[in-house]
Amino acid sequence: MKIGKFVIEGNAAIMGILNVTPDSFSDGGSYTTVQKALDHVEQMIADGAKIIDVGGESTRPGCQFVSATDEIDRVVPVIKAIKENYDILISIDTYKTETARAALEAGADILNDVWAGLYDGQMFALAAEYDAPIILMHNQDEEVYQEVTQDVCDFLGNRAQAALDAGVPKNNIWIDPGFGFAKSVQQNMELLKGLDRVCQLGYPVLFGISRKRVVDALLGGNTKAKERDGATAALSAYALGKGCQIVRVHDVKANQDIVAVLSQLM
């Protein structure tokens, strides 16, 4: 499998989540020192992660805005330390071009933008400048749709075209339907059912639903975040079967066997 110029063995891969934030919904505050972050990265690599997704700002509903300066202070030391110690691809989870540039300079390989280049208008130019793969996620301000799956597909197609127009090569563009972002539980359910339509847009798809509210709903409600890993793994299997190629998860080990087996059947 290729992500731009990078090659990953197999037809599917796990992206392990590393939140260096105090307020992420699942593990906020757990990895706020470089050493704690490195220890977690080492475990995720041992468990089978092929990409580490580093985030310095929580994007959960109601989270506090973090300035680019503070975000850079959180992520750059961790990215540098990962690069110095491990041979692993790193993505930077940010929608701010200033943070993205600092992360790429520190050694990040991939841009993961939850606003698909809409925040400041410079992310696509940066991706083109660095020849960096970029993941474009569906997002919007309100949970209002004509038909959620079609609207998500239209958005992703339009943002991918905007990236192409800005000079990003097609093989550097990935898309993410954005489960849990500006979507009700029912809308997330509908999008899950229509996931194959997203996978038919002509771009590789990242699937990120780990521990989110819709997973809790599928389990009947009232579960804690870390109690959703088994259901997350089941949804990873579903997504890979629909055509997704990367699953973004908190618990790498719970997903590794699923990805290893299904990767050989894709």
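In case you wondered, yes, glycine gets a Cβ from its N, Cα and C as well.
According to Swiss-Prot, the feature Mg(2+) binding site maps to Asn19. Taken from Swiss-Prot, the feature (7,8-dihydropterin-6-yl)methyl diphosphate binding site covers Thr59, Asp93, Asn112, Asp176, Lys212, Arg248, Val249, His250. If you look up Swiss-Prot, you'll see 12-260 marked as domain 'Pterin-binding', on the strength of sequence analysis.
Sequence features annotated in Swiss-Prot and their locations in the structure.
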{"residue": "Thr59", "record": "(7,8-dihydropterin-6-yl)methyl diphosphate binding site", "Cβ contacts under 8 Å, 6 or more apart": "Asp93, Val114, Phe181"}
{"residue": "Asn112", "record": "(7,8-dihydropterin-6-yl)methyl diphosphate binding site", "Cβ contacts under 8 Å, 6 or more apart": "Asp53, Ser91, Ile92, Asp93, Thr94, Ile134, Ile135, Met137, Asp176"}
{"residue": "Lys212", "record": "(7,8-dihydropterin-6-yl)methyl diphosphate binding site", "Cβ contacts under 8 Å, 6 or more apart": "Phe179, Gly180, Asn188, Arg228"}
{"residue": "Arg248", "record": "(7,8-dihydropterin-6-yl)methyl diphosphate binding site", "Cβ contacts under 8 Å, 6 or more apart": "Ile14, Met15, Ile17, Asp53, Leu206, Phe207, Gly208, Ser210"}
{"residue": "Val249", "record": "(7,8-dihydropterin-6-yl)methyl diphosphate binding site", "Cβ contacts under 8 Å, 6 or more apart": "Ile14, Met15, Gly16, Ile17, Ser210, Asp229, Thr232, Ala233, Ser236, Asn255"}
Revision key, fill the gap. Minimal Cβ count within 10 Å, across the binding-site residues Asp93, Asp176, points to Asp176
Point to revise | Per-residue pLDDT averaged over the domain 'Pterin-binding' (12-260), given as an integer | key: 94
**Study point:** Whole-number Å value for how far Asn19 (Mg(2+) binding site) lies from His250 ((7,8-dihydropterin-6-yl)methyl diphosphate binding site) (Cα to Cα)
**Key:** 9
Revision key, fill the gap. Counting every protein chain shown, other Cβ atoms within 10 Å of the Cβ of His250 ((7,8-dihydropterin-6-yl)methyl diphosphate binding site) number 21
